[in-house]
Structure formats: structure tokens, C-alpha cells
Amino acid sequence: MERDDVLLGPLFTDGKTVNKKNAGDVASGSSPWPTWNLAITALLVSLGGGFNFGYQLLITNPAQEAFIQFVNISYTETHGVQQNREALEFIWGVIVSTFFWGATVGSLLIQTVADSFGRKRGLVLTFFVQIISVLVAIASYFTTSYIIYSISRITLGIAISVSLGIGPMFIIECSPVACRGMISMATGVMLQLGLVAGAISAMPETWGTVESWWLVYALELVLTVFITVLVAFVPDSPIYLVTQSETRKAVKSLVYYHCITEAEAKLLLTDAQQASKGDESVGLFGIFKDRMWLCGSLVSAVVMGGTMLSGIAAVNAFAFEILLSVGLNGLQASIANIVICFMAAVGALLSSQLVERLGRRPLLLSTFAAIAIVNAVLSGLMYLFALTTETWIGWCVVVAICIFNLVFATGPGPVCFLVPGELVGQRARAATYTWVNIIMNGIRSVLLAFYLPLRALLGGPLCYFLLFFPPCVITVAICYYWLPETSGRTPEQARSDMNDLPRICGTIKKSDVNKELQLLSAP
């Protein structure tokens, strides 16, 4: 297959290439940079998905004391009974986890919303639900009701989870292969920036107080309203429009996102329509019977599982408490938390460059291995502080967590949202993203529920090491044997490349067998 075919074919056909004679000169497929329309759309979509998700992950951490006081006042007014500190912390822990309960439920709705409403309308719907949920959260402040606040977190989790699943799918389907890696990093990059924004806005020194925490949600409300209005006017995914036989809209979508002429768009669309005939979407459980895309879906799930079990869930949720436990005071821990989140944003920006230069496979293998090493060092530092209580060890922990966030955001943080769209074809993409998001939110929910009790049982250093070191090592091993390079490749090509990966116990590669057969049959 020639280079132009590799670039143009995957726009719609999952490897069923566009005829070079007709469409080989379509410029949109050959540029490594996205068009302005595509870049702006990806930014808006990622703000409503990745950014809002990262924002919600962080705001309950630095402002935890203010929220606990809010729960105390609300519980007393509602039930006429005042709880002790331990009971209030337990209630607050349950309220925090409700966001991830909702997110897990939302994961089950990704495929239904994406296929029933379309990618763009599905996103607009989830943004609208986010707006309503944030308004309810603000209302809970003025009514002093922790019950209403809990409900808002459940619905917000559902909406953000669905948008986080549809968003990367939508971006990938709008992008030419040549710039697909770079533009698809938008979700991961914006998620990291959301962490930074959340860490700053929810600081006790800004709005993280009993009197002002509603302003944290007011900021999110203004942003979400803004992006909802703008996203409502962009075209839907051209791939989705092709599957709905909306030819004219698909052509306009191509012209808008790729900045090509209508004639060039029609050439690509003709091949896309031929390739999409009879390609029905795979159901949520049908993916387990789909021999063509099951392996890619399982590898995507492993990458996401390894990402969540790398330690990032604990760092996002408990970094402030971890820093306090190693000798930092409240102000030092708040500032350090911002620096830690900033390192994640730097890593995400760095990843947008490395993902194409190094490739997905080398980037994930190297960063997961580095995270395993950092986790071992971090556990050792926490254990050393428990023995000596030296202040300098606490600052070493800050440096270690900064390195962790930098490496994580360079590799698995953003790439875990990109891999599923490149390992499976169009008909299995929605189901795969659904399962990937179920794994993401499910693991976060379980970790939030059991991390603190396990830490109390085993001690912080041993708990952190046992939970987060082995999964990184296991993920490296699985990716080494089953994750192909997907940069510039169609899902079909990536699936074929799995045959050339190293095999356990020295199993002969299929490509080597084919080469031997070709040599034997040669005259």
C-alpha cells in the first residue's frame, strides 16, 4: 500500500482504501497539522469532556475542609443531630464517590447516546445535562442541602462520563490519519489542564471556603454554557453521517473539518459509502463475539486499566493528604499540589509532540516502566519518612510526585483515550469506548472506597506499593506482547501488525511463516 493510500483510506473506511487515482491529491490527508476548524472543535469538545472531568477530580481535594463543614451544617439542619468528625468524613467520602457512581452508569450509556443521537448532538445533550447539574450544585449551597449536592454529583458524573466517551470518538472520526495522533491528544491535555484549574480554584486561599465554594461551580457553569453554544453549530462526524446516509451533510462536514473542496470531499465520500455498506455497529456485549476487533478492544481495556492502577487515582484524590502526612503544612501542601498539577499539564503538552515522533507503543512502554520505578521510589520515601520524620524527605516526596505526574501525563494519561479509536474499527468503536470508560470509572470508584481503609490496615508505604507497582509491571508486559504501533496505521493494519509482535516462549510469527512460504514458492 502506498503512503497516500495509508493517509487517505482511514478517513472513513477503516482501511478500505480510497482510490489513489481519484483522491490521491486530497490535501487534508497529508498534513501533520490539523486545520483550524478541526483544532477549535477538538478544543471545545475536550473542554466539555476532559477538562470538566479533571476539574471535578480535583475540586473536592483542596476544599475538603469547607465541604465537610457544609455537610456538618446541612446534616444538623436536616436531621436535627450533629455527627462527630469521623462520621462526617465518612459521609463526605460517600458523597465524593457518588460522582464516580454516576460516571460508571454514564459509561453504559455512551454507545446508546452516540448511536441514537449522533456524535455532535449526543455531546450537546451531555453538556446541557452538565449545565443543569452544576446549577443544582450551586442551588444546594444556597439551600444548605447535602442531599441535593449529592444528587448533582451523580447526574454530573453521568453527563461527564458520556461526553468523555463520545468526545475522543468524535475527534478521531473527524480527523485525517496524518494528524489524528496530535489532535486526539486534546482530551488528555485538557483533562490535565482541568486538574490545574481545579487545584487553583478550590484552594482555601481562593474559593475553597465555606462561604465561597459555590463560585468553584459557577466558573464551570460559565465555561460549559459557552462551549455548548459553540458546539451546537459545528457539523457532526462525517463517518457517522455516512452511516446515516446523509450524503450532503457528510460532504459539508468533510469540507469544514479538512478544508478541502467539495469535489475532493465527494471523491472520498464515494469510497466511504461503498466501504460502509453492511457494516453494522457491534453491541456492548457483541464485542466479545467479534473475532475481528475483540483483541484490540481487550488491549485498549488493559491500557486503561493500567492507567487507572498506576497510582493516578490516589494522587488526584489524596495528594493533599499524602503531602500533609510527610510533614508539609496546609499552605505548603496547597502550593505543592498546584505545582504537581502543573507538571501534569506540561507532560500532556509534551505528549502531543512525542506521540507522533516516538509512536504510541514506545511511548506507553517507556512511560509505564518509568511510572513503576517512580512508584517504588515514592513508596520508599514514604517509608523512610515514617522512620525518621525528616522534613527534607517530605520535599523529596513532592519531587517524586511531580515526576510521576510529568511521566504519567506524557504517556498513559492522554494516550489511553487515543488507543481504543486506533485499535478497533468504526463498527466496534462505540462499544469499546463504553467498556474502556466503565473500567476507568469502576476502578476509580473502588480505589476511592478502599484506599484509605487499606492504608490504615497496611500503612501508607506498603499500601501504595502493593496497589500501584505490580499493575504497571503487568501492563508493560501485556503491551509488549499485544500492543502494536498504531501511528499512521488503519485499525486493520494495526490488527495485522499484532502478528509481528514478540511472542511468549518464542512462538514463530505469522509474518515469518509467510516469508518462508514466499521464498519456497519463488522460482
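Note: Cβ is positioned from N, Cα and C throughout, glycine not excepted.
Owing to the predicted nature of the structure, the values given are computational and were not obtained by experimental measurement.
Summarising the annotation, TrEMBL assigns domain 'Major facilitator superfamily (MFS) profile' to 42-487.
Per TrEMBL, transmembrane segment is recorded for 90-110 (among others).
If you look up TrEMBL, you'll see 122-142 (among others) marked as transmembrane segment.
Annotated transmembrane segment per TrEMBL: 148-171 (among others), in sequence order. Distant neighbours of the transmembrane segment (148-171): 41-42, 45-46, 48-50, 52-53, 56, 70, 74, 94-96, 98-107, 109-110, 113-114, 119-120, 122-123, 126-127, 129-130, 132-134, 136-137, 139-141, 183-184, 186-187, 237, 417-418, 420-421, 429-430, 433-434, 436-437, 441; these residues of the same chain sit at least 6 beyond its ends, with a Cβ under 8 Å from one of its Cβ atoms.
Residues 34, 38-39, 42-43, 45-47, 49-63, 164, 167-168, 171-172, 175, 208, 213, 215-216, 219, 316, 337-338, 340-342, 344-345, 347-349, 351-352, 355, 409, 413-418, 421 of the same chain, all 6+ positions outside the transmembrane segment (183-202), place their C-beta atoms under 8 angstroms from a C-beta of that stretch. According to TrEMBL, the transmembrane segment annotation covers 183-202 (among others).
Residues annotated as transmembrane segment in TrEMBL: 214-234 (among others).
For 293-319 (among others), the entry in TrEMBL reads transmembrane segment.
Within the same chain, residues 58, 61-62, 185, 188-189, 191-193, 195-196, 198-200, 203-205, 315, 319-320, 323-324, 363, 398, 401-403, 405-411, 413-415 sit at least 6 positions outside the transmembrane segment (331-351) and bring their C-beta atoms closer than 8 Å to a C-beta of that stretch. Under the heading transmembrane segment, TrEMBL lists 331-351 (among others).
Within the chain carrying the transmembrane segment (363-386), a Cβ under 8 angstroms from the stretch's Cβ atoms is held by residues 303, 306, 310-311, 322, 325-327, 351, 354-355, 393-394, 396-397, 400-401, 403-404, 407-408, 410-412, 415, 419, 459-462, 464-465, 468-469, 472-473, 475-476, 479-480, 483, all 6 or more beyond its ends. Marked as transmembrane segment by TrEMBL: 363-386 (among others).
According to TrEMBL, the feature transmembrane segment maps to 392-419 (among others).
The transmembrane segment annotation in TrEMBL covers 431-452 (among others).
Among the features that TrEMBL reports, transmembrane segment is placed at 464-483 (among others). For the transmembrane segment (464-483), the residues of the chain that approach it from at least six positions outside its boundaries are 295, 299, 302-303, 305-306, 309-311, 314, 360-361, 364-365, 368-369, 371-372, 375-376, 378-379, 382, 419, 447, 451, 454-455, 458, 498, 501-504, judged by C-beta separation under 8 angstroms.
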Margin query: Considering every residue in the domain 'Major facilitator superfamily (MFS) profile' (42-487), what is the mean pLDDT value?
Written below: 86
Next item on the list: Go through 122-142, 293-319, 392-419 and flag the stretch with the largest number of C-beta pairs under 8 Å relative to the transmembrane segment (431-452).
Entry: 293-319
Next item on the list: Might you confirm whether the transmembrane segment (293-319) is in contact with the transmembrane segment (214-234), defined here as three or more C-beta pairs under 8 A between residues 6 or more apart in sequence?
Entry: no
